[in-house]
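**Student:** Per TrEMBL, the features are:
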- B:7-148: domain 'Aspartate/homoserine dehydrogenase NAD-binding' (DOMAIN)
- B:K124: NADPH binding site (BINDING)
- B:156-329: domain 'Homoserine dehydrogenase catalytic' (DOMAIN)
- B:E209: L-homoserine binding site (BINDING)
- B:K224: active site, proton donor (ACT_SITE)
Amino acid sequence: MIILDLELKDTPGELIKALTPISKMGINIHSVIHLREKKVDGRIPVRLVVGDLEDKILNEMINKLEKLDVTITKVNTSIRKRDIDLVVIGHVVDTDIRDTIDRLNKYGLVIDLDLSMPDPFKESSARMKIIVDSEKLNDLYNELDKLSKEKNLLFIKSF
Amino acid sequence: MKVILIGFGIIGKGVINVIRKKREYLKNKYGMDLKVVAICDRSGAAIDDNGLDLELALKVKEETGKISKYPEKGTSMPIVEVVKSIEADAIIEATPTNIESGEPAKTYIIEGFKSGKHVITANKGPLALYFNELLSYAKKHNRIFRYEASVGGAMPIINLAKETLAGNEIIKIKGILNGTTNYILTKMEREKLDFDTVLKEAQELGIAETNPHQDISGLDTAAKIVILANSIMNMEVTIKDVNIEGITKITPEALSMANKGGYTIKLIGEVSENKLEVGPKLIPLDDPLNVKGSLNVAMLNTDLAKEVIVVGRGAGDVETSSAILSDIINIYLKNK
Ligand SMILES: NC(=O)c1ccc[n+]([C@@H]2O[C@H](COP(=O)([O-])OP(=O)(O)OC[C@H]3O[C@@H](n4cnc5c(N)ncnc54)[C@H](OP(=O)(O)O)[C@@H]3O)[C@@H](O)[C@H]2O)c1
């Protein structure tokens, strides 16, 4: 999700004028929060929540809004989240699974852990889901690479 | 049009069978009179400027294992000499893939261009190792170089990207480019069998080679990814640039785990501007890349057409030869 804080001119129809080009671009508008009570310098602050966008599209949208004399005070893309599913193969438990999870939690949040141990002496496998901020994705991948080498684990990722 | 065939194994024989089968079709549809003026194997060659008797060539190979035993026109002339001295429009190169040196195919291809012949190959080795060098020979001698069969067998991908999707920028390609590993993973998933058991069975069925290392280690897929990167995406990379992980560590438990989460595991090759990778990946069960058995699949991400997906048979004599035939026809039409 992407949150944009906008300021619109205080004249009727401004909101529609601002939203039309956005929806024309096929962008999913999740919510529009009208903060009329916080009026600043005769402008009305509006908080807009849209679905995830590629940077290129996001910039295009911002350009369109600016052309319409909409002020953009804040674009918060940092809360763009991604789900990553993983299947791990190796000695998942014996290589200190707590430590593995803690280290992944530095960059994201491991939810949903599922373990399968067919035989205590054999390799096991686990499935996990990690929620991660888009901007921390590379750090998470780097940590996975490190863990993979250190603990001889194979992480099979979803795209 | 006259062609020289180098390599008379599975693919070489497949090409000859396809040419026999399509002779009338080629004449009627394109006005093309396709003559095979030489066929080479390790024993030497059979050479006939008027076109060899293809049925006879197959029979001789079948019975003696040596094309040099072809009556009257059989010879032990080295292949390089055949390429240099026999007049033809194109060579079709189908000798075994050598991923370390690209030889002997590399020499045949270069000699082909040098002696003014167009070149068609099914061989990943020289392409993955020396693509730019080979292309420069083609350019220097103003000849056409085609290699559709080298990636994905019968599945159209190279010519699809370069010709049918012309005008599109190809941003990313990912897919299953090795039928053997797909067969193994599919079988492990369905029958909950371990890797070694399924591999052994695949070898007995002739689906996996006696030396399956290149397939299961991911090297074969990596070679194909390099070919796609260089030929379609104008990169200059080699196998050493590819991050490779094979499928030998995959267990049936891991596949069940993946299934529980709505996924399957496939050996995926991927190329984009900043990624050159081969490794097992989780693929959603309902994803178009989740094709079963020994099928190959590729998804091309393009700027205009967006996603384009192709599925097809990555191996097989007649199947792969269909890609070679399409290259022959293309060369013929360009020179008509
Ligand atoms: N099989 C497939 O489904 C498939 C699919 C796509 C691409 N390809 C590629 O197509 C090519 C041919 O594959 P294939 O399956 O037909 O192989 P193959 O059955 O082993 O046949 C190879 C042929 O090359 C000849 N040969 C072997 N070593 C040679 C050498 N050092 N110099 C000259 N000729 C030599 C062999 O001669 P003899 O007959 O005298 O032994 C044989 O005729 C390979 O590069 C392969 O990767 C194959």
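Glycine too: its Cβ is placed from the backbone N, Cα and C atoms.
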**Student:** Would you kindly give the Cα-Cα distance separating B:K224 (active site, proton donor) and B:E209 (L-homoserine binding site), rounded to the nearest Å?
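**Tutor:** One finds 18 Å between the Cα atoms of these residues.
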**Student:** Restricting to the domain 'Aspartate/homoserine dehydrogenase NAD-binding' (B:7-148), report the mean pLDDT as a whole number.
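**Tutor:** Across the domain 'Aspartate/homoserine dehydrogenase NAD-binding' (B:7-148), the average pLDDT comes out at 98.
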**Student:** Including all protein chains shown, what's the count of other C-beta atoms within 10 A of the C-beta of the residue listed as 'NADPH binding site'?
**Tutor:** 27
**Student:** By a simple count of other Cβ atoms within 10 Å, which of B:E209, B:K224, the recorded positions in the record, is least packed?
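**Tutor:** Output over recorded positions B:E209, B:K224: least Cβ neighbours within 10 Å is B:E209.
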**Student:** Given B:K224 (active site, proton donor) and B:K124 (NADPH binding site), what distance in Å do their CA atoms have, once rounded to a whole number?
**Tutor:** 7
**Student:** Go ahead and report the DSSP secondary structure tallies for the domain 'Aspartate/homoserine dehydrogenase NAD-binding' (B:7-148): helix first, then strand, then coil.
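**Tutor:** Tallying H, G and I as helix, E and B as strand, the rest coil: 70 helix, 23 strand, 49 coil.
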**Student:** If H, G and I count as helix, E and B as strand, and all else as coil, what does DSSP give for B:K224 (active site, proton donor)?
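**Tutor:** B:K224 (active site, proton donor) sits in a helix per DSSP.
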